[in-house]
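J.: I have a structure here, written as structure tokens, and I will follow up with some questions on it.
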Amino acid sequence: MRKPIIAGNWKMFKTFEEAIQFVDAVQDKLPSNDKVDAVVCAPALYLPTLVQVASESELAIGAQTMHYENEGAFTGEISPAQLASVEVDYVILGHSERREYYNETDEAINKKVAAALAHNIVPIICCGETLEEREAGTTEQKVAGQIKAALARFEAQQVEHMVIAYEPIWAIGTGKTATADDANQVCGAIRAVIEELYNAETANAVRIQYGGSVKPDNIQELLSKEHIDGALVGGASLQPESYLTLLEAAANA
Ligand SMILES: O=C[C@H](O)COP(=O)(O)O
């Protein structure tokens, strides 16, 4: 039985004050982390403060991206060593918005996964197809390629602790969700790729989230599916009430 994981991705939303208010509002109301892992991936600027504010609770704090080098002349970037130095637990890698607007390649994502692991930061590795790819029937081929590239050169024991997020690009922020069955089918295909690359034990251990217009009213159905172990949530993670509702649904799934 895999423990569900709900990760909020705040993207470029919230002022500093709003971010602290959010953590204050949710941290005493979280379901036990025996039942669900609760994560918020906040703007980098707020990470050290949020780690401190949440330090007495079971809320884990994550980053939304990072560089793969530990240091260097990379103006504006944040390194894995820097994230580790402020005790960040998770990092989202390969989000479709990073791939599209910042030219993040499969090769760079693979290096970033290695860098995250080297610093004991759990990578949340994103994959997903465009609407054109879905309509052309190449969804599974696309995500298989992304996952194989991201996981190249890792051992089974390392892969077991990673989190994969399947996010169909056409469902992000659009209000269109993949049906729970379609999402489950792709998450199952990702698990099959991991079994092919490693073994059944590793494939069964990896947690696979669905992302794309996840809301309090569709989370239960998504989580009832065999291969969906949680959600990577944008819009519905911005308000404490809806974030807590998602966590409760996962804790009771
Ligand atoms: O990382 C989160 C996803 O991009 C989903 O965003 P959304 O829940 O607003 O559709």
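Cβ coordinates come from backbone N, Cα and C, glycine included.
Predicted automatically and left uncurated, TrEMBL annotations should be read as such.
The shown structure was predicted, so the numbers you read here are calculated from the model rather than taken from an experiment.
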J.: Can you match one of Gly72, Gly173 to the substrate site that TrEMBL gives for Asn9, Trp10, Lys11, Ser213, Gly234, Gly235?
T.: Gly173
J.: Setting Asn9, Trp10, Lys11, Gly173, Ser213, Gly234, Gly235 aside, what same-chain residues sit with their Cβ within 8 Å of the center of the Cβ atoms that define the substrate site, listed in sequence order?
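T.: Leaving out the recorded residues gives Phe13, Ile172, Val233, Ala236, Ser237, Leu238.
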J.: Which binding-site residues, if any, among Asn9, Trp10, Lys11, Gly234, Gly235 have a Cβ under 6 Å from ligand 1, given in order along the chain?
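T.: Going through Asn9, Trp10, Lys11, Gly234, Gly235 in sequence order, those close to ligand 1 turn out to be Asn9, Gly234, Gly235.
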J.: Using a 10 Å radius around its CB, how many other CB atoms surround Lys11 (substrate binding site)?
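T.: The answer is 18.
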J.: Please report the number of other Cβ atoms within 10 Å of the Cβ of Ser213 (substrate binding site).
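T.: Other Cβ atoms found within 10 Å: 21.
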J.: Distance check, please: Cα of Gly173 (substrate binding site) against Cα of Glu167 (active site, proton acceptor), rounded to an integer number of angstrom.
T.: 11
